[in-house]
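Asks: I am attaching a structure below and will ask some questions about it afterwards.
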Amino acid sequence: MLTHKNNQGGRKKMQVSFVIRDAEEKRHRNGVNALQLDTINGRLYSAGRDAIIRVWNSMQNNSQEPYIQSMEHHNDWVNDIVLCCGGRNLISASCDTTVKVWNAHKGFCMSTLRTHRDYVQALAYAKDREQVASAGLDKAIFLWDINTLTALTASNNTVTTSSITGSKDSIYSLAMNPSGTVIVCGSTENTLRIWDPRTCNKIAKLKGHAENVKALVVSEDGQHVISGSSDGKIKQWSIGQQRCVQTISVHSEGVWALLMTDNFSHVISGSRDKKIIMTDLRNPTNSVLICEERAPVLSLCYNYDQTGVWATTWNSDIRCWKLNPSEKLSFEVACIKGGAAIKKYHVLNDKRFMLTKDSEMNVAIYDVLKVKKVEDLGKVDYEEEIKKRSQKVYVPNWFTVDLKTGMPTIVLGQDEVDCFAAWVSAEAGLPEHAESGTDPKVNYGSLLLQALLEYWKPPPPHHHLQGVGSDLDSNGCDGDIRGNEYFSVPKHTPIIFSEVGGRNVCRLLVKDAVGETESALLSETVPSWVTNVVIERTIPKFIKLPFYLLAHPSMLKQDRSKKERLIANEFIQCRKVCEHVLEKVLGADLPASTGNSNSSQNNSQSDANSEGSQVPAEERIELLCNDVICDPNMDLRTVRHFIWKQSSDLTFHYRTKSN
């Protein structure tokens, strides 16, 4: 027996991610992995690859809005769901390694179970015992008492679970009979393993499939199992005889979804070949093609009166097909339309904006820094739009992009990509906020983290508690600076704190950080590299770039041919190097009019130098790199990236300009 607490031990490397999305996402933005129907009220629950569980009125006609609500707390694919307790509660399993317990009617997450150490792929439900099992890529199977799960609270967060051991490979399918006397798992071992969940004793191991077992159904009496495999076969097994009774070959590709009639006489199968087929187990040659979907089929579920079957695929639409075994081909009864998934992205050179292309060929522009979509460009040439917006500027990568859910998830970390790497001038990076006459340097990662956690005010340490006469402001705050001085991000933005490698630790919306519970959770979760810039207001380190400075061969004085090695912030512009050459290298030796070799004949040398000092350095000095004249506005890192193009230290040559 394992005792599980809903907390995390041991601090690991953490990363911060957020999703750029609308406040309400009414449509699935990616494939749908699983369905559950509440036959009492006709509510259809769908588990999306966009990390959202949505609830639909399945009895509405196509002209009415079927959307009821969204259930959001996962941050990766939701792989499976089960309705339990007469439809009052729902259990979900996700690639974020968690199992969650929901109030199905109100749509909120009641508790999160973190026992699994890898993707949780499948759930199984024993209705008569109110017991659920979870399994996944960590090869583990856990049994949960649902009544205990639904009673969990913040203070009572300990739950005991039974663990079933023996699986040698990652588990992709799981099934139990209603009375909970048999549990079966299918895995990449290509076998079925069977246990008695009451004792956790092994009953059988059944071999016969050639590939991963992706779908399972157990008969009500626990005597038979139907399995579907990536090998394209459907097999019927006798648990008592521990053998395969028959093999059905009606699909040309893997079988990923199975649905049985109540009397276990017919199997409805959905396949990677996009076909949904009904087969009579008593006469397997009697198979009827119900429909051919537009993409590989992921899950199947009866409609409220079992006259049709709901199907989901790699696409975001959910369709209901009429079940009519007497007809050669069925027809579509209803369709719950999905949205487009973003399939491609390109981060522009300024490392602030990115272009995306979705599954419907629409192109859009996103502002990563301000966490919003800027513009829908429609069905335009994606590559041309990238070229049109290409600039000769180099800013280091400071974030990564993940499109797994179909919506852009931006990841900030301190691992391979440092989120504090991008220092830019406010004039170049935030022109809409830059003030005339000033050009402060800003750090993109620092500004964004401050905006994401703008509503978070950590509880003060006990030894810093304010006493009588303390200096509190009119809002009751102790002078803390919130957010940043430039912008805020949308309040509905989800923020996720996770371990590098995938395990989710904490998820909340930007606006929810103000809550007492959320604030305390953040205090336990937020890594020090984030609190340093958000709370302590530590300024991230500038990145230095070494370079050599030499006189150009065209310069008259050959004694200036020695190499000078300098180190400067990588974002300084070439004009600053020109100023250094003018003031520190050439100094008073440079005449006011550099093109006049007889300038010593001027009436007043001092007057000439005074006049010349008013001329900007870049108009008197020219910088070259690889014999290319550098634009004074170009910064050092851009020169290195576009002109120098070498791993060795950057080298400049300088020369005076002729009039």
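Glycine is treated like the rest: Cβ placed from N, Cα and C.
According to Swiss-Prot, the feature compositional bias 'Low complexity' maps to 596-610. If you look up Swiss-Prot, you'll see 592-613 marked as region 'Disordered'. Look at Swiss-Prot and you will find 27-66 tagged as repeat 'WD 1'. Sequence annotations record features per position, and here Swiss-Prot assigns repeat 'WD 2' to 73-112 based on sequence analysis. Marked as repeat 'WD 3' by Swiss-Prot: 115-154. Taken from Swiss-Prot, the feature repeat 'WD 4' covers 166-205. What Swiss-Prot records for 208-247 is repeat 'WD 5', and it gives sequence analysis as the kind of evidence. Here Swiss-Prot flags 250-289 as repeat 'WD 6', drawing on sequence analysis. The repeat 'WD 7' annotation in Swiss-Prot covers 292-331. Under the heading repeat 'WD 8', Swiss-Prot lists 337-376, citing sequence analysis as support.
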Asks: Sequence-remote contacts (6 or more beyond its ends) of the repeat 'WD 2' (73-112), Cβ cut-off under 8 Å?
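Replies: Here the qualifying positions are 6, 17, 33-38, 40-41, 43, 45, 47-49, 51-53, 55, 118-125, 127, 130, 132, 134, 136, 142, 144, 146, 149-150, 152, 157, 404-405, 409, 494, 496, 498, 502-504, 507.
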Asks: Which one of these stretches, 27-66, 115-154, 250-289, 337-376, has the most C-beta pairs shorter than 8 Å to the repeat 'WD 4' (166-205)?
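Replies: The listed stretch sharing the most Cβ pairs with the repeat 'WD 4' (166-205) is 115-154.
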Asks: Restricting to the same chain and to residues at least six past its boundaries, which positions have a Cβ under 8 Å from a Cβ of the repeat 'WD 5' (208-247)?
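Replies: For the repeat 'WD 5' (208-247), the nonlocal Cβ contacts are 172-179, 181-182, 184-188, 190-192, 194, 253-260, 264, 267, 269, 271-273, 279, 281, 284.
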Asks: What residues in the same chain, six or more past the boundaries of the repeat 'WD 3' (115-154), come closer than 8 Å to it by Cβ-Cβ distance?
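Replies: Hits for the repeat 'WD 3' (115-154): 2, 4, 6, 79-82, 84-85, 89, 91-95, 97-99, 101, 160-165, 167-180, 183, 185, 187, 195, 197, 200, 503, 517.
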Asks: Same chain, outside the repeat 'WD 1' (27-66) by at least 6, Cβ under 8 Å from its Cβ: which residues?
Replies: 72, 74-83, 86-87, 90, 92, 94, 96, 102, 104, 107, 295, 298-304, 310, 312-316, 318, 320, 334-342, 404-407
